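Asks: TrEMBL lists these features:
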DOMAIN    70-181  domain '3-dehydroquinate synthase N-terminal'
BINDING   73-78, 107-111, 131-132, K144, K153  NAD(+) binding site
DOMAIN    183-329  domain '3-dehydroquinate synthase C-terminal'
BINDING   E186, H251, H268  Zn(2+) binding site
Amino acid sequence: MASVIKVNLPQQSYDIAIAPGSLEQLGEFMTNLHLGKKVLLVSNPTVFQLYGETAIASLKAASFEVASHILSDGEHYKTLASIENLYNTALENRLERSATMVALGGGVIGDMTGFAAATWLRGINFIQVPTTLLAMVDAAIGGKTGVNHPQGKNLIGAFHQPRLVLIDPDVLKTLPIREFRAGMAEVIKYGVIWDAQLFAELEASQRLDEMGHIHSELIDTILTRSCQAKADVVSKDEKEAGLRAILNYGHTIGHAVESLTGYRQVLHGEAVAIGMVAAGQIAVELGMWTQQQTQRQDVLIEKAGLPTKLPAGLDIEAIIEALQIDKKVKAGKVRFVLPTQIGAVTVTDQVPADIIRQVLVRM
Ligand code: NAD
Ligand code: GLY
């Protein structure tokens, strides 16, 4: 039985379906959506080799006509040039308005496929089949799609909601441990910003650093509660007019760390973990939450095998400068999401640079 979470939106609501083994039922899930017959499956060589055959067999068994497009693996290929190749495959296969693109992969594949689907023929259907923990709990939900510009990450994009997010937790068994841990950073984030019960369940687990050491019931809780948190926030604020900004908890300092380390040395989730530690400390300095609360958060981050310190050699003034050119700057002021309780945050642009500096020096 699948757990189903609804993303309620004014124009088009959709389900997030979570069930072990559901990749084999991809075709059946899609049949219920009454889509056109043509499907373009988009993946990368790593994921396609592992799961492409299962996905294609399921789609064919449900009478879909399937073509595939394999993008090179890695953030480095999240470019407009890759999208142009994808359009060529769409053209060769005469993908019409009723056709569907299916993203089978992590956040990179999901963001790119979503962007191609948003722009091909001014918008066709797309389905997210996320295969990393990070994509399952975050990237695949909410309709942010896009590619990088040489000058910055995700600068080109569109909001385009999927028709379905299908999560098969079994595929996490092949995910490299470091990628699993990076996804756990976003899970811990939901515990801090939205869901105190999820936070408590994470605290109760002996280990969070490896899929194989986490009870399958907790994996289920992690997926359902994280997806529910993201669905709740996106349903209330689809286009980030206000509330959705809270999903950027840990991302202000995190993005600066990612950008200063060239998006290679530190994974996104690792940078978010460092950013959450910094945000927690800033909130303590501002008297918004307690040292004990920030310690509880940091214990979870460590238990997930994630970093809590800045990478060695990173220049603190460079971080402060990088904050000024981040997307989260509004009217010249750096926006921080800061915790006020376990399960609640606030957004502020009133953090003095001296406090940021003081906190970073200690990390
Ligand atoms: P990723 O897509 O690069 O995947 C990480 C690695 O894991 C890749 O090498 C991939 O081939 C491999 N992989 C994926 N699934 C696997 C599996 N089941 N078994 C074995 N290997 C597997 O990284 P990611 O962390 O999933 O996504 C990062 C991207 O997501 C970034 O580009 C980021 O900007 C984007 N993102 C988007 C949103 C959004 O709201 N749209 C949110 C967060 C992140
Ligand atoms: N990952 C942040 C958002 O979806 O808004």
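Note that Cβ sites are derived from N, Cα and C of the backbone, with glycine treated the same way.
Keep in mind it's a predicted model, so treat the numbers as computed, not measured.
How buried are these features, and what lies next to them?
Replies: The Cβ of I109 (NAD(+) binding site) lies under 8 Å from the Cβ of V42, S43, N44, V47, L71, A103, each of these being in the same chain and 6 or more residues away along the sequence.
DSSP assigns H268 (Zn(2+) binding site) to a helix in the three-state reduction.
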Asks: Using a Cβ cut-off of under 6 Å to any atom of ligand 1, determine which of the binding-site residues D73, Y77, G107, T132 qualify.
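Replies: Among D73, Y77, G107, T132, near ligand 1: D73, G107, T132.
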Asks: Which one is closest to E186 (Zn(2+) binding site) in space, judged by CA to CA distance, out of the binding-site residues D73, Y77, T132, K153?
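Replies: Minimum Cα distance from E186 (Zn(2+) binding site) across D73, Y77, T132, K153 lands on T132.
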Asks: Around the Zn(2+) site (E186, H251, H268), what further same-chain residues have their C-beta within 8 angstroms of the site's C-beta centre?
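Replies: The surrounding set, listed in chain order, is L134, D138, A185, K189, G250, G254, G269, A271, V272, G275.
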Asks: Taking the binding-site residues one at a time (D73, E186), which has its Cβ surrounded by the most other Cβ atoms within 10 Å?
Replies: E186
Asks: Summarise the model confidence on the domain '3-dehydroquinate synthase N-terminal' (70-181) as a single mean pLDDT, whole number.
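Replies: On average, pLDDT over the domain '3-dehydroquinate synthase N-terminal' (70-181) sits at 97.
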